[in-house]
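Student: My questions will all concern the structure given below.
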């Protein structure tokens, strides 16, 4: 059976057909509409899936935000242009006439990355560092979603009580500092207004402020990982997302994690499925993989 998998992120929407063998084909992308109106996201999803839906038997959606009863509830509305709520499953079933499921994108990615691990691993955590910071936790071989869908939203744990206000309403969240949006928001002077991609480019060219911003992000993530190790005693942490997979970033995180006491060290791995982990994880869950 073929699954039409959809990944809704803060920057882009992706869709692909995924067979029972896990092979991805006909992958497509569109920019995520920066709009508070549900109609804008519905129209973008319609354009994304219409060329693919005739070739699928079901739909699996991985989306940023809390997924509860098939709907998206934005914990940080800024990541979706201010959109607060969207009925994912209902909308995709209306658009495609196919049975649909929805799950948080980082939770889905965690499940895909867990399947790719070698060795006797039962406990792992996936972290995505992109427009925002999200996560997924596998404990005892089971994916944790939580009764309200909040499990794994580690980007909204405290990093700095005197830090910037996060879009979720808290002050000093990891996401407000370490994410691509957080990196860009802290830029000053000639870097003010630059996006994270530009800041990474400038850092590679030797720009001191750009390098400091990226180090600040990596140091914040390393401290988060130490906290995660203390909380879950996971066997490894897998890092993905556009920032997490940027050249040289994971090495910085490893450097800062090494400065923590040894009890909080844990193996760090780059995401095996790169930017397709959310799509694949959603498809796996739609195929009936047990949580």
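Just so you know, glycine gets a Cβ as well, placed from its N, Cα and C.
Straight out of Swiss-Prot:
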- 5-12, 132-139: ATP binding site (BINDING)
- 156, 166, 168, 173: Zn(2+) binding site (BINDING)
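Could you give the neighbours, burial and distances for every feature on this list?
Tutor: Counting Cβ atoms from all protein chains shown, residue 138 (ATP binding site) has 27 others lying within 10 Å of its own Cβ.
Residue 173 (Zn(2+) binding site): 30 other CB atoms within 10 A of its CB, across all protein chains.
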Student: Taking each of the binding-site residues 7, 11, 132, 136, 166 in turn and counting other Cβ atoms within 10 Å of its Cβ, which one has the fewest?
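Tutor: Sparsest of the binding-site residues 7, 11, 132, 136, 166 by Cβ contacts within 10 Å: 11.
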Student: So which other residues, same chain and not among 156, 166, 168, 173, have a Cβ within 8 Å of the centroid of the Cβ atoms at the Zn(2+) site?
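Tutor: Here the non-site neighbours turn out to be 75, 76, 155, 167, 169, 170, 174, 175, 176.
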Student: Cα-Cα, whole number of Å: residue 5 (ATP binding site) versus residue 173 (Zn(2+) binding site)?
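Tutor: Cα-Cα, rounded: 30 Å.
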Student: Which one is it: of the binding-site residues 5, 168, which Cβ has the fewest other Cβ atoms within 10 Å in this structure?
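Tutor: With the binding-site residues 5, 168, fewest surrounding Cβ atoms within 10 Å: 168.
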Student: Filter the binding-site residues 156, 166, 168, 173 down to the ones within 10 angstroms of residue 134 (ATP binding site), Cα to Cα, kept in sequence order.
Tutor: 156
Student: Counting Cβ neighbours within 10 Å across all chains shown, tell me which of the binding-site residues 9, 134 comes out on top.
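Tutor: Counting every other Cβ within 10 Å of each candidate, the maximum falls on 134.
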